[in-house]
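Residues annotated as repeat '[DE]-X(4)-L-L 1' in Swiss-Prot: 45-51. According to Swiss-Prot, the feature repeat '[DE]-X(4)-L-L 2' maps to 147-153. According to Swiss-Prot, the feature region 'Disordered' maps to 249-317. Annotation source Swiss-Prot lists compositional bias 'Polar residues' at 264-274. The feature compositional bias 'Low complexity' is assigned by Swiss-Prot to 275-286. Taken from Swiss-Prot, the feature repeat '[DE]-X(4)-L-L 3' covers 516-522. Feature annotation from Swiss-Prot assigns repeat '[DE]-X(4)-L-L 4' to 644-650.
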Amino acid sequence: MKCVLVATEGAEVLFYWTDQEFEESLRLKFGQSENEEEELPALEDQLSTLLAPVIISSMTMLEKLSDTYTCFSTENGNFLYVLHLFGECLFIAINGDHTESEGDLRRKLYVLKYLFEVHFGLVTVDGHLIRKELRPPDLAQRVQLWEHFQSLLWTYSRLREQEQCFAVEALERLIHPQLCELCIEALERHVIQAVNTSPERGGEEALHAFLLVHSKLLAFYSSHSASSLRPADLLALILLVQDLYPSESTAEDDIQPSPRRARSSQNIPVQQAWSPHSTGPTGGSSAETETDSFSLPEEYFTPAPSPGDQSSGSTIWLEGGTPPMDALQIAEDTLQTLVPHCPVPSGPRRIFLDANVKESYCPLVPHTMYCLPLWQGINLVLLTRSPSAPLALVLSQLMDGFSMLEKKLKEGPEPGASLRSQPLVGDLRQRMDKFVKNRGAQEIQSTWLEFKAKAFSKSEPGSSWELLQACGKLKRQLCAIYRLNFLTTAPSRGGPHLPQHLQDQVQRLMREKLTDWKDFLLVKSRRNITMVSYLEDFPGLVHFIYVDRTTGQMVAPSLNCSQKTSSELGKGPLAAFVKTKVWSLIQLARRYLQKGYTTLLFQEGDFYCSYFLWFENDMGYKLQMIEVPVLSDDSVPIGMLGGDYYRKLLRYYSKNRPTEAVRCYELLALHLSVIPTDLLVQQAGQLARRLWEASRIPLL
């Protein structure tokens with residue numbers, strides 16, 4: 001029973017998402033027993049009526065006390081509410097079935113806010129304009145937009161429950177060096193170069209191209225003029241691709257047999273694979289007691305013949321181009337459910353990602369994303385940038401300058417002479433004069449002249465309040481220019497994009513290159529790394545997740561427990577039980593890291609659960625540990641999609657090591673409890689070293 005709502009301070013609904021159970025509870029609450037023929041209010045109106053007291057009380061407390069509540073539960077703990085104010089929009093997440101904790105709900109809100117930024121760019125900084133974008137006056141457009149974000153939230157919830165990479169928020173590579181190299185060459189020659197040398201590209205510049213097999217990254221290539229893509233942005237792109245072309249095997253256990261058939265909120269069920277209330281050692285359920293008594297199959301402990309000293313869990317094919325057939329036989333069940341066919345391509349989309357423009361960092365630069373499906377589960381993604389991208393840098397710098405000026409004005413009254421002497425103001429004035437002269441828009445010209453008259457007048461300088469109002473007006477007009485140039489002219493609205501025949505050419509060439517590999521890739525994506533490769537050296541190890549937080553990449557054995565695809569643990573309750581343990585460990589590790597703990601080791605039933613976070617230099621030498629910051633319960637959630645916690649943690653650690661490159665790593669492990677703890681810790685160190693060496697395999 002779940003709900004997400006975005007509303008204004010006046011309780012106007014800007015977006016909502018509910019599951020069927022929550023809608024049913026609303027129907028019962030607003031049902032008219034006296035006149036059954038009377039039509040019920042629209043779902044949007046029901047939500048507004050239900051949550052108006054919460055919204056108004058929260059905003060009133062913020063206005064009167066400069067503080068408000070961020071989380072509360074209803075009587076008897078039936079419903080849990082989490083609230084967060086982003087700008088002028090209040091985000092509310094509700095759970096009524098005890099399957100989501102406060103941290104889960106807060107993470108969902110931050111992810112939704114991040115998805116808004118990816119889709120609307122810097123328009124999100126202006127409350128008035130983002131309200132217009134989220135609630136267009138045309139009803140059909142509004143329904144289409146809301147259904148898009150409802151579908152994204154449903155996809156995110158599904159992937160977080162079923163895919164390890166979304167559970168820990170990191171990129172998972174499909175490990176096969178020779179195939180990766182082949183794909184990189186193909187991306188360079190047949191995608192990036194083919195597009196950039198085409199006379200019909202219309203000024204669009206191909207920057208990045210990558211191949212996905214389900215949610216795993218096979219290969220990635222960037223042009224020489226492109227800046228690096230943040231791991232958080234790349235993970236968000238994988239989410240968008242999975243929303244467009246969901247993997248059948250990850251959606252097969254959902255309540256709706258075909259979740260893509262209808263994308264409205266009425267058809268977006270969300271199930272949780274684990275309960276946050278049963279993660280402690282004493283919180284075992286009856287199901288846990290039963291599965292604790294299972295003995296692991298004997299063949300699980302019998303390592304297969306080692307494929308070679310270089311192997312780190314994946315078999316490397318040295319010669320011949322195509323994999324041997326015995327590799328395909330090991331997962332024939334996977335192939336039966338993933339019969340390749342060619343989905344219909346989606347249209348190009350305008351998205352906003354952080355990048356460098358003219359050697360300067362710029363947040364939320366407009367890109368165009370082309371998702372070209374090769375076969376079911378295998379997708380080619382191309383990112384291009386239009387010639388107008390430098391305008392985004394100029395607008396971003398100007399809006400940032402006015403935001404800093406607003407901050408200074410709010411700190412205290414500034415006399416005119418003192419304001420003029422600020423280096424920030426002089427630089428901002430020079431940049432704005434140049435921009436206004438080049439743009440020539442009458443409205444922003446008059447507003448800028450009005451601002452200069454108040455800010456730089458020696459005889460009659462404006463007050464701080466007047467300058468603040470003028471700053472806000474200028475920022476809104478700059479934001480409107482940004483919206484006009486990058487949202488109104490988006491490819492989906494008829495804006496410029498690559499011609500269709502060029503997209504078809506790229507798609508066809510990549511299909512030809514990978515035709516012999518498609519079946520192998522679909523199998524490999526489900527059994528990327530096998531535990532058998534590690535059991536000889538690490539007896540008692542059941543599962544692990546290793547994450548390089550500097551690059552945002554993870555390594556973990558496959559963990560599938562659906563009815564049609566499975567890992568080495570099989571398809572029964574044992575696989576589901578181990579998966580539940582791993583997901584609970586991920587959540588518990590985050591909670592302890594939030595409180596400043598970087599090491600966690602505890603016994604739960606027949607298992608030892610452990611978590612380690614540490615820092616190294618580029619040579620792989622472990623660095624001295626520090627006390628990591630302790631965060632409040634309502635802080636930005638730990639991960640990449642909600643706020644990139646690890647990038648901030650690396651900056652925090654690097655303050656005392658300005659001349660040394662610092663890297664951050666995490667290891668989560670599940671062992672049998674018969675293993676002594678000192679041996680477990682020793683194994684963790686050896687496992688981390690082995691995985692560090694394996695992760696040196698280049699992806700780019």
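Heads up, the Cβ atoms here are built off N, Cα and C, so glycines get one too.
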| said: Let's see if you can do this one: DSSP helix, strand and coil counts over the repeat '[DE]-X(4)-L-L 2' (147-153), in that order. | reply: 7 helix, 0 strand, 0 coil
| request: Report, as numbers and ranges, which residues of the same chain sit near the repeat '[DE]-X(4)-L-L 4' (644-650): CB under 8 Å and 6 or more residues beyond its ends. | output: 230, 232, 549-550, 552, 628-629, 636-638, 662-664
| If you run through the repeat '[DE]-X(4)-L-L 1' (45-51) with DSSP, how many residues end up as helix, strand and coil? | 7 helix, 0 strand, 0 coil
| request: Using DSSP, tally how many residues of the repeat '[DE]-X(4)-L-L 3' (516-522) sit in helix, strand and coil. | output: 7 helix, 0 strand, 0 coil
